[in-house]
């Protein structure tokens, strides 16, 4: 059996899909379906069982035998960069991750988990997996950073796989439940379908992010599991592309409308990553040599998926 925490969420459900694609059906999804809309991410996927996150935590803390587990993909977390309840964030992202990690270590189960480029904070270069480059801007980034630090202490002595991925700006299918935290491509598509012009912040040609297609993220996860590689790795494309490029690709698909520029919100100033670009040196050195989709390629594929029933 393979366990995917956050399996009804964005990246988790895409990992389930990729596992299905290579023949895995014996999958336990762990999630919190208080937001019932997330069920749509699983309706076309095959899983063996579903367990509520709170019940799962109780089981692993109690040391229950969950059977023969081939791997745990730990994607379950609060991913809102605008959430400032630090206790909630640390319980969900830090303590929960430690509990799952130790369950896996005690049983030699491969543990692959979601970190984040938010660990780097507001820097505009040297996105390198090293302490000197890490200074998160928000409590979400801090919770991810602190768990990475915890893992770093354990890695040298670990006798089973521990692998963390610092996801950069992920977009693609199965993110609709994320609301305001969904990708720019998702929101631009909605605006066009509602008859509006797509909206970007003024200066968006200068805001550049490393946008990575979720299918590529899932492929990275599966490759590292199948190859038993441990460590903490950036998971981006190695390219910084502008929000304008995302809008251009969205408009190219719809072949209508033009961008409307709006003022940058005061509340985001100083807490906003204006630039991200993954350094892939360590990822490539580990042996992962597959190409990553460009924004033009990934957004075109995503638009086809989003508009398949529109």
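Along the chain as shown, the residues are counted starting at 1.
Backbone N, Cα and C atoms are what each Cβ position is placed from, and that goes for glycine too.
Since we're looking at a predicted model, the values are computed, not measured.
Per Swiss-Prot, these features apply:
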type: ACT_SITE; residues: 140; note: active site, proton acceptor
type: ACT_SITE; residues: 178; note: active site, proton acceptor
type: BINDING; residues: 10-11, 31-32, 38, 53, 75-79, 92, 144, 170, 178; note: NADP(+) binding site
type: BINDING; residues: 169, 180, 187, 201, 202, 203, 204, 209, 272; note: substrate binding site
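A map of Swiss-Prot features onto the structure.
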residue	record	contacts (Cβ under 8 Å, 6+ apart)
10	NADP(+) binding site	41, 79, 170, 174, 175, 177, 178, 214
75	NADP(+) binding site	4, 5, 6, 7, 9, 11, 12, 15, 113, 114
77	NADP(+) binding site	6, 92, 93, 96, 97, 114, 143, 144
140	active site, proton acceptor	78, 79, 80, 81, 83, 89, 93, 116, 118
169	substrate binding site	117, 183, 209, 210, 211, 212, 236, 276
187	substrate binding site	198
202	substrate binding site	261, 262, 263, 264
204	substrate binding site	242, 243, 244, 247, 259, 261
10 Å Cβ neighbour count around residue 38 (NADP(+) binding site)?
22
If I restrict to non-local contacts, at least six residues apart, and a C-beta distance under 8 angstroms, what lies near residue 31 (NADP(+) binding site) in its own chain?
5, 6, 7, 8, 9, 12, 38, 50, 52, 53, 76
So among the recorded positions 79, 144, 178, who's got the most Cβ atoms within 10 Å?
144
